[in-house]
Amino acid sequence: MDVFGDEAFNVPDSTDWLGTPLACLMPVEQAFRCHVCKDFYDSPMLTSCNHTFCSLCIRRCLSVDSKCPLCRATDQESKLRGNWALREAVEAFKNSRKVLLEFARTPPTIQAILPDQAGPSSPSKRKATEMEGPKEEDPESKRPRRSTRSTRARAAELTAAILQEEQDTTPSADPDYVDQPPDDGLVACPICLTRMKEQQVDRHLDTSCPGSPQAASKRRPIPAQTPQPSTFPSFNTRLTSQTNQKPPERLPALAYSMLRDTALRKKLSELGLSTHGSRQLLEKRHKEWITLWNANCDSSRPKKRSELLRDLDEWERTVGNPGTAAGGGGGQQGLGLMARAQATGAQIKDKEFDGKAWATRYGGSFGDLIKQARQGIKRQTLDGNGEKADTKGGGGGEDVGPAELPTLQAREGESSAAPTRMDIVPPSSPPRPGQVDDADTEHDGQAPGKDAIAEDTAMREQVIPGTPDKERQWETSQQQQPPIPGDAQLSGMKKPNPETC
């Protein structure tokens, strides 16, 4: 495969001149290349520190840190000036580079000429003889010089004769010559033969016509010379064509910190740009569009708006939003979904939108979404009722470790709905009339037996669940309770001691 013949691999570089007779052109080409993009200058702009860069390159650099990429001096976009002379030089070098490089890479070919193939008066033979030169010097070596001088004299005489013949055969000297009026849109005055516009002939005859056709006929009218287009347009011609074209207006920069998201999206919409994405992406998109647009204003051949939009899209997919390109093309899919959703929204907002056809087409999808939403609500309701039932039932089913058992029992005792004995008869309040202790009433004023003591102990364990410290605290509070006066039956009875029984 011819690698050098493929344009994808044949990237022009200044090192292409190495190994050729024109290796001295390598620094010349390096001087014509930008220090940022390493390509030929495209609309070169001169900074305030006298450095030159491409218009797009320097504007991107200044939009980041407002400093020159070479000397790191502070600069602004408003101080950039176009270097048009360098632009003309770069264009001329780019147009002639391919031809010069092919000429430098082509080896010189010398054709050998045999004596019998050329006559004695052949100029190529004389040229070859002069290039080779005599090997031995002799007195007759000066003859070619005299013959050369005589040849030059004869050539000069022949040239003079040709010029004289041309002068003798001019149309003015030919009696049969008929003057043809030039096709320039003008007419000649019938008296003085002065050429002018047809509308000016009558006024010329009344005011400024000399009125002597003999004197006017003696001098030959000089036709108006129309400028002929040159195959090599000069700098002045290009400058005139540039000044005739009205340059596009530049876009001003925005203070993004002073704009809300709605205002920024409105600015992008006015410029015909996309409005989807985060706040950071919107700012970067607007800033890059301003850079592309203002750099295009500096170009001698501005691009179309469609080309600039294509460049912006390429920048956003490669540089502007690199996070979307990660993950094996997931970002591109996200951009596609976002663009599709945006197009769908615009379609729905259209006043000619067919709602019935849309409902018929996507009714099944909406029904599935509604069904899923209802099932989710029902599931959440059932889960909430189950949690409430578990809470009312004491949270059965949960495994509690031994270390958490005392704390859990104390919490259950505090929040239990069953009243305790202390809640029924507080220690500091006297009992109501006719109220008797359940244990004492059960034994009819007699000392309780072992069965009664066991039942009382079981009842205390049920009423006040918890640790032995909690039970001991309850017994102490019962012992410290003062006797109730006026109740002989209760005052005569003693509380049984479980240790003695």
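Our numbering is plain: 1 for the first residue shown, then up by one each step along the chain.
Backbone N, Cα and C define each Cβ position, glycine as well.
In this structure, CYS192 (Zn(2+) binding site) belongs to neither helix nor strand by DSSP; it is coil. For CYS192 (Zn(2+) binding site), the count of additional Cβ atoms within 10 Å of its Cβ stands at 19 [all protein chains shown]. Residues or ranges marked as Zn(2+) binding site in Swiss-Prot (evidence: sequence analysis): CYS189, CYS192, HIS204, CYS209.
Annotation comment: Swiss-Prot describes 127-142 as compositional bias 'Basic and acidic residues'.
Taken from Swiss-Prot, the feature compositional bias 'Basic residues' covers 143-152.
Annotation comment: Swiss-Prot describes 225-246 as compositional bias 'Polar residues'.
Looking just at the domain 'SAP' (256-290), the mean pLDDT is 88. According to Swiss-Prot, the feature domain 'SAP' maps to 256-290.
Residues or ranges marked as region 'Disordered' by Swiss-Prot: 111-154 (among others).
What Swiss-Prot records for 203-250 (among others) is region 'Disordered'.
Annotation comment: Swiss-Prot describes 377-501 (among others) as region 'Disordered'.
Counting same-chain residues at least six beyond the ends of the zinc finger (34-72), those with a Cβ under 8 angstroms from any Cβ of the stretch are 79-83, 86-87, 90, 93-94, 287, 291-292, 294-295, 298-300. Taken from Swiss-Prot, the feature zinc finger applies to 34-72 (among others).
The zinc finger feature in Swiss-Prot is assigned to 186-214 (among others).
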Near HIS204 (Zn(2+) binding site), which residues of its chain come within a Cβ-Cβ distance under 8 Å, counting only those 6 or more away in sequence? CYS189, THR194, MET196
Just counting, how many other CB atoms are there within 10 A of the CB of CYS189 (Zn(2+) binding site)? 19
Tell me the Cβ neighbour count for CYS209 (Zn(2+) binding site), meaning other Cβ atoms within 10 Å of its Cβ, over all protein chains shown. 17
Taking the recorded Zn(2+) site as CYS189, CYS192, HIS204, CYS209, identify the other residues of that chain whose CB atom sits within 8 Å of the mean position of the site's CB atoms, giving them in sequence order. PRO190, ILE191, LEU193, THR194, MET196, VAL201, LEU205, SER208, PRO210
